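Worksheet: one structure, shown below.
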Amino acid sequence: EPSMGPRARWAAGVACICLVSVIWSLATVLKQVIFEDLDFNEPLILTYICNACYIVHLPLHALGRCLGLVEAVPWRATIPVAEPNEDAEAVRDKGSASVGAAAPAPGSTARQAAIAGLLMAPFWFVAQWTYSEGVARTSVTSSTVISASSVIWTLLGSVCLAGERLSVLKVLGVIACVAGNVATQLGDLSGQGHVLGDVLCLLSAMCYATYTTLLKRLAGDDTSVMLLFGTLGLAIFVSAWPIVVATSLPSLRSMTPQIFGLLIFNGVFDNVLSQFAWAKAVQWTSPTAATVGLSLTIPLSMLADIVRGRPPSSWSYLAAPLVAAGFVAVVVASRPEDTSARNCNSSSDTSASSTEDESGDEARAQPVADGAGARGGPYGASAPRGA
């Protein structure tokens with residue numbers, strides 16, 4: 001992972017997006033099978049058990065450390081300590097050298113990963129709970145289409161909070177996805193009793209977008225995803241248990257081993273495996289690209305409805321290519337630029353700057369050494385010479 005270049009990370013992120021789209025489409029079908037075919041219409045219990053499966057990340061991480069497959073993650077960043085007969089100047093120099101050599105990235109410690117998991121847990125649980133409630137009250141295609149509208153909220157959140165840049169291609173991709181969502185919804189207007197399910201799926205999309213933006217903001221490239229999701233699962237397991245007992249205890253007692261096994265299966269694949277891959281997709285691409293990419297579940301959900309004898313409307317056939325086009329546009333717009341030429345030019349500029357600085361006035365070097373001009377002076381790298 002550390003040896004992967006920007007383009008390799010981007011390609012791996014796109015592959016993760018496609019894998020998650022397939023898993024989530026199949027998981028939505030499984031949810032409807034449990035709710036309708038097996039007559040176990042308990043979205044809260046399904047959400048609780050499936051998301052509690054995230055706890056498996058904690059023992060897996062410990063096992064990986066014992067086998068040498070996972071690197072140890074420090075609990076917190078190390079702070080340089082003065083040794084005997086070492087003055088304050090030496091300690092400060094040692095601390096500056098250690099920060100410059102290996103400064104802990106955001107989320108690179110176990111403590112930061114655990115805090116991120118705790119902060120994201122409520123948004124994720126509400127998003128999953130409302131989505132399961134919506135799936136129980138509407139079609140697979142409708143629930144998937146409305147959930148894909150989270151790209152709008154994710155884009156807004158990423159621009160405002162995570163500093164993601166807008167581009168014409170990215171905006172066009174989002175517009176194409178929204179048009180696909182509207183087209184599918186127009187085809188679903190003839191259905192009866194879907195209003196509440198659609199509203200719940202829309203609420204889920206908003207919570208999901210909040211969770212996506214928090215993940216990008218709180219977790220860096222070096223974040224331990226296993227510790228993050230393990231903490232998230234532990235938080236849900238502990239905090240949501242009283243709610244499940246208070247509202248669904250009779251259904252919990254009547255649950256058959258078959259249903260329980262299907263819930264565990266859904267939790268392992270739909271939650272543990274897919275979310276691990278999805279978190280990597282967010283880290284390696286961008287929140288908007290990952291969210292738009294999951295809009296690929298729309299044509300997959302249409303196929304699932306056809307297989308189950310519930311063919312979608314003609315509007316849905318218009319929505320599928322629109323969403324696919326939006327996915328391609330946003331992913332291409334989020335792709336990292338080829339920096340090799342820019343790095344070459346930067347090296348040439350640096351060499352030229354060094355030559356000029358050596359022949360310049362010695363007084364100009366003092367502010368830079370003190371950190372006042374760390375990026376080329378108080379006016380930035382583009383400051384005119386001799387200013």
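Cβ atoms are placed via backbone N, Cα and C, with glycine included.
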| remark: Of the ranges 59-78, 119-138, 259-278, the one TrEMBL annotates as transmembrane segment is 259-278
| note | Highest Cβ pair tally under 8 Å against the transmembrane segment (259-278), stretches 12-30, 195-214, 226-247, 315-334, lands on 12-30
| remark: Spatial neighbours of the transmembrane segment (226-247) not adjacent in sequence (6+ beyond its ends, CB under 8 Å) are 44-45, 48, 51-58, 60-61, 64, 70, 73, 107, 110, 113-114, 116-118, 120-121, 124-125, 219, 272, 275-276, 279
